[in-house]
């Protein structure tokens, strides 16, 4: 085998290894995380919102435990409205800008604007709501009824 062929084969193998390491997490969640960081200026890591209360994170049920959890329920409801409009909020990528005065949603189609608005409203709500460490990683079976 020629050295050039070996280099091409090596490049293909490295590319495939890199592609297999890419998460299948919906890319919209990355944008939502960036919006949160833009609004709170990095004061709280996004992962703190991933397992908070009854609604922040995957799923949601019961009565929200506090104002921050209500932000998450409102965000879930907003995504539900997006789905009713035929959008796929977890997969919809949108344009936004992070400016000194705060983030703004950019131009796009109806679904992109709607989903960006859901995420922006939630990020702003997170920023103004107190964070209670006692509501992080709670026992949802007991507290979310």
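Just so you know, glycine gets a Cβ as well, placed from its N, Cα and C.
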If Swiss-Prot gives 55, 57, 59 as binding Ca(2+), which of 76, 77 does it give for that site as well?
76
Within the same chain, and leaving aside 55, 57, 59, 76, name every residue whose CB is within 8 angstroms of the centroid of the CB atoms belonging to the recorded Ca(2+) site, in sequence order.
54, 56, 58, 60, 72, 73
Can you grab the distance from residue 72 (disulfide bond) over to residue 87 (disulfide bond)? Cα atoms, rounded to a whole Å.
19
Minimum Cα separation from residue 105 (disulfide bond), reported as the residue among recorded positions 57, 75, 76 that achieves it:
75
Using DSSP and three states only, what is residue 57 (Ca(2+) binding site)?
coil
Around the C-beta of residue 56 (disulfide bond), how many further C-beta atoms are within 10 angstroms, looking at every protein chain?
24
